[in-house]
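Quick look at what TrEMBL annotates:
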type	residues	note
DOMAIN	67-118	domain 'P-type ATPase N-terminal'
TRANSMEM	329-353	transmembrane segment
TRANSMEM	373-398	transmembrane segment
ACT_SITE	ASP444	active site, 4-aspartylphosphate intermediate
BINDING	ASP444, LYS445, THR446, GLU522, PHE563, LYS586, ARG619, THR699, GLY700, ASP701, ARG834, LYS840, ASN863, ASP864	ATP binding site
REGION	737-757	region 'Disordered'
REGION	789-811	region 'Disordered'
DOMAIN	886-1140	domain 'P-type ATPase C-terminal'
TRANSMEM	917-938	transmembrane segment
TRANSMEM	950-970	transmembrane segment
TRANSMEM	1000-1024	transmembrane segment
TRANSMEM	1036-1055	transmembrane segment
TRANSMEM	1067-1093	transmembrane segment
TRANSMEM	1113-1134	transmembrane segment
REGION	1145-1171	region 'Disordered'
REGION	1193-1216	region 'Disordered'
COMPBIAS	1206-1216	compositional bias 'Basic and acidic residues'
Amino acid sequence: MRSCRTVTTRRMMSWTPAQTKRGPRGDRSLKRSRAPVRAWEQTLENKSGWSVKANDRAFCNLPEFQKKYLLCLKKSKYAGNGIKTYKYNALTFIPLNLFEQFKRVANLYFLALLILQVSLLKTPLCYTLCYTAVLHRCATPCATPLCYTLCYTAVLHPVLHPVLHPVLHPVLHRCATPFQESKWMNIHVGDVVRLKKNDHIPADILLLSSSNPNSLCYVETAELDGETNLKFKMGLKVTDERLQEEGQLAQFDVCEEPNNRLDKFTGTMRWRKDEFPLDLDNMMLRGCRIRNTDECHGLVIFAGADTKIMRNGGKTRFKRTKIDELMNYMVYSIFVILILVCAGLAIGNSFWYEEVGSRAWYLYDGKDQTASYRGFLSFWGYIIVLNTMVPISLYVSVEVIRLGQSKFINWDLQMYYQEKDTPAKARTTTLNEQLGQIEYVFSDKTGTLTQNIMAFKKCTIAGRTFVDFSWNKYADSKFEYLDHSLVACIRSKKDKETLEFFKLLSLCHTVMLVYQAASPDEGALVTAARNFGFVFLSRTQDTITISEMDQEMTYEVLALLDFNSDRKRMSIILRFPDGRIRLYCKGADTVIYERLSPNSRHKEVTQTALDIFANQTLRTLCLCYKDISKQEFDAWAKKHKDASVAMGNREAALDRVYEQIENNLMMIGATAIEDKLQDGVPETIAKLAKADIKIWVLTGDKKETAENIGYSCELLTDDMQIHYGDDINEKLRLRQASRRDQLPASGRTRKKVPDPFFPEPGKNALIITGGWLNEILYEKKKKRRRLRLKRLGRRPASATPQDSTQPIDDWEKESRQVDFVNMACECEAVICCRVTPKQKANVVSLVKKYKKAVTLSIGDGANDVNMIKTADIGVGISGQEGMQAVMSSDYAFAQFRYLERLLLVHGRWSYIRMCKFLRYFFFKNFAFTLVHFWYSFFNGFSAQVAYEDWFITLYNVMYSSLPVLLVGLLDQDVNDKLSRKFPKLYLPGQQGALFNYKNFFISLFHGIFTSLVVFFIPYGAFLQTMGQDGEAPSDYQSLAVVMASSLIFTVNLQISLETSYWTFVNCFAVLCSIAIYFGIMFDIHSAGIHVIFPSTFTFTGVAPNALRQPYLWLTIILTVGISLLPVIFIQFLCKTIWPSRNRKKYEEEEEEEKKKPAPFQRDRRSRRSAYAFSHSRGYADLIASGRSIRRRPAVAQHTAGPHLTDLARSESMQRL
């Protein structure tokens, strides 16, 4: 179950008028037309139309908007805003939970046995069998644990996830305003909502107006695409100017289709017989957050499950471990063995009765039944007698062990994050051992690997590579740049280049008031300038005001040349108060160095500093300036004006004009910004890599940013060969062409061992984008659309594609996917950038499908939910992007570094403990059950049990369960420090080496051997014996006691030999189990209990009589010794002659893997200037046009003046 997001403390303003008039039916945009449709596209459009009417909830409930959802029941196609993330609700809990539990074949097996036992007890067949008492004994131990297991597991789910249904809180109303305060869950499509600063957006909303100029609204989209920079949304001009009165907000509607495209929205707003186009810039999506906007209004277009983020969220899946799946197949195997054994014994019974039983007068039972019929009855009798090959107590113990392991994760103080008071949380108990088998980790970047914090770390000024800020009243108290020489240089005001450096940072940017930047990098640079005494105060369309060392200065902005992906730089041209004109420029070193003046100084020294910064994985930027004469600027300004009004290729024309002014620059210095990683990220990735766990980073961020973070966290190294989209396409094309050439000879069969894509030695890494992934994934929706087009005859299918590099059919598409997965899995690292939440999930699905590997996804935002649900294990980080990832996860903690301990310690221990537990449990039950098989050869195959009835009942419950249960909870082969020091100890789990069919059959043959010894040695001792009193105690009951006692000693000493980590509790459990056996045995064999229950306890006095004979104790000792001797011998050989991998060998491997760091490769320029390469276009257009500054004429607004400057100065103290 998942917690329900509908119950939340976040509220917003929603307004629904008491009386709203609907227009005539003909005005509705979704009216069903009876006229013939000319084209099939129009037909599809009309069938899938989406219409919203403002402040008219009744409109959404009209009959034409109803759809069937259950038989003849209908509901509105417009979803409510309630989000359900749990697995069950009150109605579906019992059926879905039972369905999930009966996916275990063992539960079906026990249910069938229980039905068989009960049916036999109520039919005349039971009276013809000689094991009627056994039926009564076996029915209880089968029914009780089965009911306990089902109930325990069912109760455990709501205990771990207590929210079963949405909690409905009352709606709070306000009387002073037409708006009423409401919970998220009460919002409906068509409502007009009012949001305030820092509110989370509750649904997909069309922006109508805001308190900012021209209805600008700034939103943070980290939960959608992982980017922390602010993005601006803008309302339509008509809604900004004409819909300011609340009474006007109910007079328009909007049409759009729900979809999962986060980068696209197409709609039309109809108002007063006019139509206005809508796009994504007008939409605020659920999952975003309002920033730097005091208030805004919007119309709910999509709510709840129809929102784009929920369309990308994926479905909640039932997850099972590989061990669970393997145990299902083992139960099938055991059932087949059971059937074969029972059939063989039934044939033996028929043969014995034909040859012996029918001829012995003293065995005649008065029933004239044929040998075949008696054999048939014997078959069902042995089915019940031998059913303990798979005891129901096995699954009870497994659930207890898993619960204990989950509690150990919750209680681990080394995974407790003290700063936020956040402990680790195991939100499921069914996947713990799977943590020890992870092969691939899929990680988000923003908020998972990084902290979403940009920090100004270093700089080089005029060739010098360089902080108490008590002297600066505007300083940020959390700024961490400690170089006192730089502070002294600035305070002295003698070094003009240093002052010019920070003046450039405070002037050359597109940051707007209150430090709202287009990217966190931009904000970090302006914040750094502020801390060094150059404070950005305010800007207008034509001016920018700063405080230079407590002196306020205003500069005239003549031109603003913004960043774009091609220019990789930005410039600003300013007129100084003394009339000078200067251009300030900052950008990537690759483009700046090409434009430097031959007379520029410090180029070589700055280049060296840039290399050093890049080796430290810092994001660098070069700063330079140029003085411009008035005549030169006037000539350039005329060209700039012509280019800005060009009707075609305007951006290219502007770029050419920019090139003409951005030349002959003078170098000032360079900055170095750190995209702060979470603590311990590089070390964690390095440890996981040594454990042969491959890490893929799936992020919505830009390629250059993702690549830079890859180097920062040491996922990428300088000795790796990086392969991008074109290189990958070429390799896939060659493989496809090779496959087509081989088709005539070999047919469409793939090679079992394909040739490697990277045959040359060395490490490789892939960096691909979401657009490139679309060519690989071939989403199902696109397939369905192509099939629909083909049926309509609009695009005939062709035998050969137009592009020979593209796959011809589905088989080639699947082959291309396999090739991509094989290529990616050959690499040490894979980074997928600019991917949508759905693409993240699809990448995980590809690896699961074609590699059959155990996967883990880790993320912290709503855009990671689908990926977390798709992977075998989902881990949520409670970071800065909300709790959506945590609520959908299987495990949750606060820091990425805890993943190392979760996998290498808890996961590995859980896997080893579970494997050891299962191997031993199968052994002890084979040893216990097969004694009945050997005894059958001496009782005429009559389904007579070899032990006392109560021993059969209590064997798995009281006599042998506690020691193995503690091994499953507490055993350790090495402690946690060694588990982390030697990550290769994790490899056996990935290979499934500790529990597989080989181990299963070893346990089977070990159990067969032990059962042979436990039966035949006491049997041989009882053939010709004489007691101390001269009597021969060679009766069945004494034999049963000796065999049972030998078995209890054997299985408890066997688990002692298997225990690697001894504690007082383990020792006590072994001794206590043996003591409990003898205590209960002497009690149920006493005369007193026989007097009370004469028909139930029939072994009166057997134990005291048998165990007072010394030779029977010698028999028990001999039986136990022979049973354990092979185990001791094999363990001695394994630990001395055939050791697996000891600590010394791992230490040698550690030494061999230590290598000197590779030198910096100077051609990796994008890594060095990742900020400039990844920077998106800023707010230059808004600033130049004045839209972000000028207020509406209808509303009185403050103009830029002294009071605005004072406000900016006070607000500039706020951190980004």
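Keep in mind that glycine also has a Cβ here, set from the backbone N, Cα and C atoms.
Remember, TrEMBL labels are computer predictions, not curated facts.
From a predicted model like this one, the values you see are computed outputs, not experimental measurements.
With a threshold of 8 Å between CB atoms, the same-chain residues lying at least 6 positions outside the transmembrane segment (1036-1055) that come near it are 920, 923-924, 927-928, 931, 946-948, 951, 959-960, 963-964, 967, 1010, 1014-1015, 1017-1019, 1021-1022, 1070, 1073-1074, 1077, 1081, 1099, 1102-1103, 1105-1107, 1112, 1115-1116, 1119-1120, 1123-1124, 1127. The two recorded residues the residue listed as 'active site, 4-aspartylphosphate intermediate' and ASN863 (ATP binding site) have their Cα atoms spaced 9 Å from each other. With a cut-off of 8 Å on Cβ pairs spaced 6 or more residues apart, the transmembrane segment (373-398) and the transmembrane segment (1000-1024) reach fewer than 3 such pairs and are scored as not touching. Along the domain 'P-type ATPase N-terminal' (67-118), the predicted structure has mean pLDDT 73. Of all residue pairs in ASP444, LYS445, THR446, GLU522, PHE563, LYS586, ARG619, THR699, GLY700, ASP701, ARG834, LYS840, ASN863, ASP864, the annotated binders of ATP, the farthest apart have Cα atoms separated by 35 Å. Within 10 Å of the C-beta of ASP444 (active site, 4-aspartylphosphate intermediate) there are 29 other C-beta atoms, taking all protein chains into account. When other Cβ atoms within 10 Å of the Cβ of GLY700 (ATP binding site) are tallied across all protein chains shown, the result is 28. Within the group of binding-site residues (ARG619, ARG834), the Cβ with the highest number of other Cβ atoms inside 10 Å belongs to ARG619.
By the criterion of other Cβ atoms within 10 Å of the residue's own Cβ, the least surrounded of the binding-site residues THR446, ASN863 is THR446.
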